[in-house]
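Feature annotations, reproduced from TrEMBL:
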type	residues	note
COMPBIAS	18-31	compositional bias 'Polar residues'
COMPBIAS	33-53	compositional bias 'Low complexity'
COMPBIAS	56-65	compositional bias 'Polar residues'
DOMAIN	109-203	domain 'CTLH'
REPEAT	323-357	repeat 'WD'
REPEAT	369-400	repeat 'WD'
REPEAT	581-613	repeat 'WD'
């Protein structure tokens, strides 16, 4: 049966008809029975029916009767067949597509869409523009759009009334146009550029003046297009227009854009099956609690035959190394920005810098920085990892700035013996830093310790510099986090808690803040919307200063120490911990996730040790045996 044109009833157009031949012959080439233009295979043109005889054999009469008895396919079944057909066509398996469409009685796309596709790919712009008139009748929506003056009114049928109820949708701007007008503009733009590439400047000028300009659409773009008339070389035109040039590549890209304006019942969106598969894989990865590897947008790296599920043995919850060089409580630990070093600070007054072997993920002591009389409670790496700043506890008025490579003390800063400098944060430029404490000091200094600016009366608990280079976040004794701008000396409230904020850290993109709140635990805040996102359960948080962190690929995970001697790990979207790491014998003060190696985690404890956590060793053991020895996991 020959497929009907665009004027037929829509339901009958798009339904499956058993034994229907749904192609349409175009003036530019033979079309397959599935409605798509034929392609060459090894130099031979594939025939319209792809080698399948159009005359049914005599012994197929019973088969034909069986086909007639088949039940009508559901809409979802039709959709699946069309998706498979489109994918097979993209692979060049056109004979298979023809047989699939013939046996199922489905149509891959509307014949008018097929003509339009062929004319676009062959550069027959006048015919493609004429095809738009046929497609216009197929571009229906549930509501009728009426343009009146500068307002667009959508008339919908009310459920309880016979008369349509007008609903004002929006005020239309002068640039408002229907999808057909947008499609026509894209066609004419391609036509114009191809004329220019062919050296037909007069023809291109005629398109610009007589066809593009009268559309009165995207006038700014038309002005840009007119400038391309001055291009003397093809390479210059392609570069300025960011265009692939005349040929299949640019026309395929154009067709992909045009398809977005057509209903999927008329023409499927490009590579629709691949899009759905990618979405399914991405959703499975998002739901995987232990997924901690780089996301690959392609499908080649995954199997579509099994659901995605990461093994918990691949997660950093097994002790790989115990560092025992400190001889007293370890208060802080922090990986460098490049992930190649770890700095640890202790009550024993020393800072130890460790080298991280990227291959073996083993740590080795490379420097011990001494002289901190009060102990080291906080550390901050400079953006380029060249310097390390160390702060002490509440009664410490000094701050040390070390050259990490040489191990030399560059600056020892102290404004007053009455000061308390317990926290520090680097400006993104690496030339300035801010420091402060609970006695009301809040300074901005240079690398030599010179005071650049100060903010009076702010009792600082913790500091963080945002990437804009101007805003400094500071938690204070009023259970809040405020943003301070040292350029215009303005400040604003961002986070307000009901209990003291002991410490906080900020995500790489500056959107999220992770807080350790006294007696409450770990809270996640959205700094942009200024709302509490989630409270994480399990951790024991009193009035000790415990430092948590975000980590893993895309910072999907949260890790925190606890007063019950454990390290807790959560997936950012889950309030319950997915891992509880045991091994420390006293309070775990700080946890740091390697920013480059997502499978490496460090924790510092009052038991005087630093534990390095990583994936399970490559041993032939059962999960339970490893868990009993290294950690407990939430199933």
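Note: Cβ is positioned from N, Cα and C throughout, glycine not excepted.
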Residue counts (helix, strand, coil, in that order) that DSSP gives for the repeat 'WD' (581-613): 0 helix, 16 strand, 17 coil
Secondary structure content of the repeat 'WD' (369-400), with strand meaning DSSP E or B: 0 helix, 12 strand, 20 coil
Counts of helix, strand and coil residues, the repeat 'WD' (323-357), according to DSSP: 0 helix, 19 strand, 16 coil
